[in-house]
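Q: Feature list, courtesy of TrEMBL:
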- 18-217: domain 'Endonuclease/exonuclease/phosphatase' (DOMAIN)
- Asp130, Asn132, Asp216, His217: Mg(2+) binding site (BINDING)
- Asn132: site 'Transition state stabilizer' (SITE)
- Asp192: site 'Important for catalytic activity' (SITE)
- His217: site 'Interaction with DNA substrate' (SITE)
- 397-420: transmembrane segment (TRANSMEM)
Amino acid sequence: MQGVSVILLKEKLSFSHCVFLQETHSNLDDVKFWTSQWGDKIIFSHASTHSAGVAILFNNLPCKIIKVETDSKGHWASVVININDVLFILFNVYGYNSAPLNNKLLTEISDSLFELKLVYPTDNIIIGGDFNMVMDEALDRFPPKFNTSHPNLTLFNFCLNNNVVDAWRAVNPNLKQFSWFKDNGTSKSRIDYWLTSTNLTDFIKDISISAAPLTDHCCISISFYSGKRESHNKGYWKFNADLLKHKNFCSQIKSIINDVALHKDLISFISKWEYLKHKIREFSIQFSKNLNKTRTQLELELTRELNYLCNKSEMDNETKLLILSLQSKIDDLYTQKAKGAYVRSRARWIEKGEKSNNYFCRLEKRRQEKNAINSLYVNGVISTCPKMISSEIRDSIVLYIAHSFLYQTVIISLITYTLAYRS
């Protein structure tokens, strides 16, 4: 990258606090010049002047750099930063054009991430870069190789194992948009990602794909809300059983189950089960959103029509019947909302209302202490030895069972003898 490229990059990304670059073709001779042109801290992972290389560029980001790691081949760089006493682990990745090498690369990154989390415990993980792999062959490539969803298992398992999600796809579940284009426009794909830990998805303010200068890749921008925000997805996702009342939902779920069952790349039952849960959750959330939009639109239309009829100066019998019908439909919509609120309230009570707090834990502990036998009269002496008390209780129970069994045997023998004598 020449000096003019650094200046153009700064103009394009001057609003960004942190920038990930891939395929920089940088070496040690570039460090001083690039840093002076950029005007802030840059973390490099060099390869050669003809291939690979990644860089993480900071731009007035109020953070403290704790730890930096890079690989010798220029395919990834990581940094641990502290922002307002909150730790973040950042990884910049440049994938290979080879599936086996990419598999090895992501395994190496997973191992490095695991070791970093042991030393710097945090769930705030951001992984970005050009992975040279599509997430889904049907959705993220044109022309597509498959007509139905066909996930890349290397990426899928990497995300699953490291508890990260494709942030752009999470915001745009079914949208087709691409980050790389062939010069003649015959081929395009989405191979550039921001993978964020699941807890950070609630803080995503915006994520977009836009054109970038001096490259055939697009710029993938992601911004986060600063400070604490109320999460819209607290706790675990819960399936809404009311969806099963919709025939089209059930038919789509059956289709998803069949697709996963016949998926050739998913060999183990565990992989199929995990992927099936992921697809059902994804489809259910999108179906629920669409259903909610439809209901909201219907409610607005019914309310608008009802207000119009109610404001009429004169009403005939037909208008009155229509008003009653509209009011009934609106009542039904709110009844459904009330039922949903009741179910959610019950779920919250089960989750939070019945959880053992410190008071009940202490109460249970005192109850157990009262029920415990701390001393016992053994052979004419009061003993407080736990082993002796345990042994004495065990012997007493065994003796009691033996006597009970002997007593029952004697009774049965007497009954048998009496019956025999009478006969």
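Cβ coordinates are placed from backbone N, Cα and C, and glycine is handled just like the others.
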Q: Give me the non-local Cβ neighbours of His217 (Mg(2+) binding site): same chain, 6+ apart in sequence, Cβ-Cβ under 8 Å, ordered along the sequence.
A: Asp130, Ser179, Trp180, Asp192
Q: Applying a 10 Å Cβ distance cut-off over all chains shown, what neighbour count does Asp192 (site 'Important for catalytic activity') have?
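A: So the number of other Cβ atoms within 10 Å of Asp192 (site 'Important for catalytic activity') is 23.
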Q: List the other residues in this chain whose Cβ sits within 8 Å of the Cβ centroid of the Mg(2+) site residues Asp130, Asn132, Asp216, His217, in sequence order.
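A: Other same-chain residues with Cβ inside the cutoff are Gln22, Glu23, Ser179, Trp180, Ile191, Asp192, Thr215.
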Q: With a 10 Å radius around each C-beta, find which of these binding-site residues (Asp130, Asp216) has the fewest other C-beta atoms nearby.
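A: Each of the binding-site residues Asp130, Asp216 was scored; lowest Cβ tally within 10 Å is Asp216.
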Q: Over all shown protein chains, what is the count of other CB atoms within 10 A of the CB belonging to Asn132 (Mg(2+) binding site)?
A: 20
Q: Restricting to the domain 'Endonuclease/exonuclease/phosphatase' (18-217), what is the model's mean pLDDT?
A: 91
Q: Which of the three DSSP states, helix, strand or coil, fits Asn132 (Mg(2+) binding site)?
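A: In three-state terms, Asn132 (Mg(2+) binding site) counts as coil.
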Q: Need the DSSP three-state call for Asp216 (Mg(2+) binding site) to compare against my parser.
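A: Looking at the DSSP assignment, Asp216 (Mg(2+) binding site) belongs to neither helix nor strand, so coil.
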